[in-house]
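Inspection log for the structure reproduced underneath, given as structure tokens.
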């Protein structure tokens, strides 16, 4: 049985490129890099794959996995190392995927917590101590942003560069582990990102590589993703883990699902409409959106794949004066002007593709020529981005290219919040009322 399971695992890994729901024409890409598989070096009762995520106002969700099913879903925490004056009990789950069975996946919500404060915590009543820092409640606040991570040497370089400078929240617009039905790669990915994801909240949305539909064998989509990466959808009144929102300081961030229904009759559309309507731009001057398949793209890779979603939802984002839209999917970097309905518009969001995390498929090297006048910067390189929101009016965006041991600043721009632009709001909602 073990040999058959091993054979099956490698078979699934070989087949995954052919069963992916994101097939595109052959592209000019760098040669694929081998996967960096991170093995488990802890006991069955020790927590592993620890990561944290925001879970509503002043709360954090701690997720960890144990191989021992007897370990309780508890987290002890406090402001001093080894001294835990808080304790919370959560829930647990597990799942099966053909012959694979996951460990016990624990989700524990802790709080209330103080802003901009370091907490020390222990999971399951055993194992090593971790620490995290809560985001600030006021400006400035900084987000590290990258999509399409995977787990290769490229990925390791990206994570190292991100970790070399402080930030408050990590944003990932889809395509996490690139497990593609090979479930042990989900475990390896969790161990790979734990040094970062256990210290700062990781807020993610799904990409096509999280679908993991397999004919006959597995019809439930996003099974692994939903079990392992529980996001604050209930806290933001969403009925699905595939789309949700959260607030940090004065920034409202919306995570959308490119691979679930998005037409005007869908739950996601109705939720998004209600969510954006509740944002008070006086207290929350910035609105940022993340999704996987880009709505604007001048690369030959995945050309037009986000068009249906753009046609369905773009007006909602435009009418709400969303400031920036981040996407992944295309394994390159590209920054657009403020745009709406395929035209430059000073009241539309800036669109940025940041699908350059380092996955095994390599880079999408073929940009269309001549470049679109809407595209201001584009490059096929691995790297990551940082959005530092200085105050209610100004933010600084920078893209850092991977260059072996260094992280080089390759693109940057200052952004003005649309909440401060009186010309972008109807007279009934003048700037004085924002």
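Heads up, the Cβ atoms here are built off N, Cα and C, so glycines get one too.
Among the features that Swiss-Prot reports, signal peptide is placed at 1-22.
For residue 116 (N-linked glycosylation site), the number of other Cβ atoms no farther than 10 Å from its own Cβ, over all displayed protein chains, is 13. The N-linked glycosylation site annotation in Swiss-Prot covers 116 (among others) and rests on sequence analysis.
Taken from Swiss-Prot, the feature Fe cation binding site covers 148, 175, 178, 331, and the record attributes it to similarity to another entry. In the three-state DSSP scheme, residue 175 (Fe cation binding site) falls into the coil class.
In the three-state DSSP scheme, residue 292 (Zn(2+) binding site) is classed as coil. What Swiss-Prot lists as Zn(2+) binding site is 175, 208, 292, 329, and the listing cites similarity to another entry.
A 10 Å cutoff on Cβ-Cβ distances gives residue 208 (Zn(2+) binding site) a total of 22 other Cβ atoms nearby, all chains included. Classification of residue 208 (Zn(2+) binding site) by DSSP places it within a helix. The substrate binding site feature in Swiss-Prot is assigned to 208, 329, 330, 331.
Annotation comment: Swiss-Prot describes 302 as active site, proton donor. Within 10 Å of the Cβ of residue 302 (active site, proton donor) there are 23 other Cβ atoms, across all protein chains.
Sequence annotations record features per position, and here Swiss-Prot assigns N-linked glycosylation site to 403 (among others) based on sequence analysis. Annotation for residue 403 (N-linked glycosylation site): no spatial neighbours, criterion Cβ-Cβ under 8 Å with sequence separation of six or more. According to its DSSP assignment, residue 403 (N-linked glycosylation site) is in a strand.
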Check: same-chain CB within 8 A of Fe cation site center, minus 148, 175, 178, 331: 147, 149, 150, 174, 207, 209, 328, 329, 355, 357, 359, 361
Cβ packing number for residue 175 (Fe cation binding site), 10 Å threshold: 26
